[in-house]
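If you check Swiss-Prot, you get these features:
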BINDING   44, 64, 85, 129  S-adenosyl-L-methionine binding site
């Protein structure tokens with residue numbers, strides 16, 4: 001099954017889906033195209049768990065879960081995890097890897113808007129990592145995430161800022177020079193300024209709690225969280 005056979009929805013970019021379908025079989029290859037995701041996952045997981053006050057016993061939704069790197073790690077923390085994605089092949093990889101790892105994650109091929117229509121207010125934590133820049137209407141995703149979380153629950157977003165530096169680092173550097181990710185992975189026009197994301201958040205029931213940058217040092221080949229949101233950044237919000 002390919003991206004064109006996925007359920008129809010206005011907020012799906014089939015070209016974006018096809019990119020990830022093509023490399024889905026290598027999602028769990030620690031030295032493959034998704035090596036950066038494996039490298040930053042401990043940072044993402046640590047940030048989410050700390051800001052949410054732990055994940056054990058919580059009901060968590062991972063929006064745009066892909067092959068399940070973050071979803072599995074949150075399940076290992078004791079969360080009950082549902083992973084959403086519109087890519088059939090990435091979900092098949094995620095399901096197989098979870099089975100092989102003995103990890104329980106419920107993977108669903110569905111848009112977040114469709115899921116919100118049926119499961120509003122059911123999750124303690126919602127995560128949406130590196131997904132907003134891959135859909136036609138990211139504001140619609142933000143609205144749906146707000147609808148899905150319980151009162152007092154936590155919603156986390158991560159994406160890329162839109163400016164010259166992020167183009168140099170995430171496109172020229174990561175795709176063409178360092179070849180950390182496949183060429184064509186990113187479109188700088190789809191990157192999202194923090195002010196834009198915060199503006200969408202302000203139009204929902206969510207409230208900003210914390211924002212941090214995710215930084216890569218090519219000399220030491222390491223990632224870290226810290227001040228500065230000029231390239232990659234993560235946002236923690238909470239439902240009012």
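Cβ coordinates are placed from backbone N, Cα and C, and glycine is handled just like the others.
Projection of Swiss-Prot feature records onto the structure.
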residue	record	Cβ within 10 Å
44	S-adenosyl-L-methionine binding site	23
64	S-adenosyl-L-methionine binding site	23
85	S-adenosyl-L-methionine binding site	27
129	S-adenosyl-L-methionine binding site	22
In three-state DSSP terms, the structure that residue 129 (S-adenosyl-L-methionine binding site) belongs to = strand
